[in-house]
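Report on the following structure.
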Amino acid sequence: MATGGASVASLWTEVNRCGQNGDYTRALKALTKILHENRDDVTALHCKIVCLTQNGSFKEALNVMNTHSKVLGSEVVFEKAYCEYRLNRVESSLKTIEAAAEQTDKLKELYGQVLYRLERYSECKSVYTDLIRNSQDEYEEERKTNLAAVLAALSQWEETPLEDLGLPDSTYELCYNTACALIGQGQLTEAFNKLQQAEELCRVSLADDSDVTEEDIESELAVIHSQMAYVMQLQGRTEEALQLYNQVIKLKPSDVGLLAVTANNIITINKDQNVFDSKKKVKLTNAEGVEYKLARKQLQAIDLNKALLAMYTNQADQCRKLSSNLQSQNPGQPRPVLIQVAQLCREKQHSRAIELLQEFSDQHPERASGIKLVMAQLYLVQGHVTKACDVLRSIEEFKHKLGMISALVTMYSHEEDIDGAIDVFKQAIEHYQSQQPGSAAHLALVREAANFKLKYGRKKEAISDLEQLWKQNTNDIHTLAQLISAYSLVDTDKAKSLSKHLPSADAMSFNVDVDELENSHGATNVRKKAAKVPGENLPKEQGQVDIKKKRKKKKGKLPKNCDPKATPDPERWLTMRERSYYRGKKKGKKKEQIGKGTQGATAGASAELDASKTASSPPNSPRPGSASGSSSAPAGGSSNVVPPRQQKPAASGATRKKVPQKKKKGGKGGW
């Protein structure tokens, strides 16, 4: 027994030494021997669980805890919750922590991590704030970094106003988290400056470590560079952003979440262009474990982009499958429905697309505004203008907006439904009369309604609107004139009484210098009368007769090569065939045969070279190029006969192709 006790003691010594050296594999061997002696040794079981956890064997450690749960009890609550957290069983880990009898600092730290993974950021913030306030140890900087990450998540995903908790920017992690929070607030320039500061701090802190290589530094900077590219993309600097994104991809960082986000952002830059590159990048978003690294909104954005990419690459079934899955996961989100509608429109199924939009608007009326706008657009594409108007008038949120009223009046006018347009004006005026009486928008609507009615001859209906406008401003002469014109058709007495309010002609005349107005820079098409000479209209004496001035006749221009002394041909106005001296073309003369013999030769030349003709026939008249009547050139002399040109023979073994000629088509078609 003493020997057994001595061996167990030596085994514990071995476990202690291996634990201090970090050699947990050898420690496990010693612990196995100890448990062989006593399988319910609580200390040995606890040490074994710790060693398995340090080696990353979380499943095996959890099996040990479940097997010996009665013996261990609450001794290993933290280890069990931690193993469940590392195995991505976050809900189970939360239950384990909440069921613990005592909330130690270790459990609170883990509780904060679990709440962050569950995206319960407000509760997580409270946990870390309490830990920083009530604990003082070497982990304070890590807690501040985690708190900064929580604030960034609140700013980005829940759009919470940024709260200043006095966190320093002493490390590159804190600077990076502060930059993320600024991005969520839309302060892009400040965020970019913070990211540059984080990059400098990272290089300085890692340069002090001699074991860290330049590649290690670039790998650590990858997340900062990816976020800098995102800021550039939001600022519209897409070319710079794309270049920086590709640099991060080439580094092949081990963080699958970083790769997925970077690849997704490249796909958003490509849009419907460079689809081949997008199809390669989308594979990076399917890596194992991505769903545990990213927030829910990030995963939804990636899935939406996958569905859009499938639509752009004409993968209709894949697009429908992805968008349907998204809709089932988020029933109240309109984007998956809009992607399905876009795919149906690409397939020219507009009626089915409208049915899908109608179903969503009926099920989720609180989110139906944007959906109904798309539905109205589809009705307009199909040419159903009245149905589009009905849909637009059913949107309570935009019903009385000035832009919506203008669009409705335009569409009703296009359909020649004047009553419908007037009804739109009537409802809008009643709304502003009750909500904002006398406001600029209200009076503008009244004036537009009156002008519209007058334009389409509804003067009787325009009277009430014109009276309302005139009461608001009795000095408005234009409105008063319109009102009198409208009353002249209904009540002439009223029109006469109102006309008394018109100013007199003298009051309406303005001191205008006409000459100055005509000579102004903007005056156009002004005909000025010539100034009258003094004495021009003097009375004429008796016997004085008006002398008419004769206009000088201009001499006509003669054609070129015309002899003015020669008598012109009296028949020059007739065509040549109709003139008396026309005799027609002379017949009997044979034209010289051209191109009938060898290439380049003429008929006369070939006759001279014919020896049979020269020997028997008598000498002819002299020909060009010969000194006497001889038909052949003298020996040694020059002849005017052009030698035939030699054609280049075809290459040996080659065949000549005959080029087909265009044939004239029958009928009237021409060639």
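Glycine residues also receive a Cβ, built from the backbone N, Cα and C atoms like all the rest.
On a predicted model such as this, the values are computed, not experimentally measured, just so you know.
Taking Cβ pairs closer than 8 Å, the repeat 'TPR' (222-255) reaches residues 172, 176, 179-180, 183, 188, 191-192, 195-196, 198-199, 202, 261-263, 265-266, 268-269, 281, 284, 293 in its own chain, all 6 or more past its ends. Under the heading repeat 'TPR', TrEMBL lists 222-255.
The region 'Disordered' annotation in TrEMBL covers 526-671.
Feature annotation from TrEMBL assigns domain 'Signal recognition particle SRP72 subunit RNA-binding' to 528-584. Across the domain 'Signal recognition particle SRP72 subunit RNA-binding' (528-584), the model assigns an average pLDDT of 69.
The annotation compositional bias 'Basic residues' is assigned in TrEMBL to 548-558 (among others).
Per TrEMBL, the feature compositional bias 'Low complexity' maps to 615-639.
What TrEMBL lists as compositional bias 'Basic residues' is 655-671 (among others).
Under DSSP, the residues of the repeat 'TPR' (222-255) split into helix, strand and coil as follows: 27 helix, 0 strand, 7 coil.
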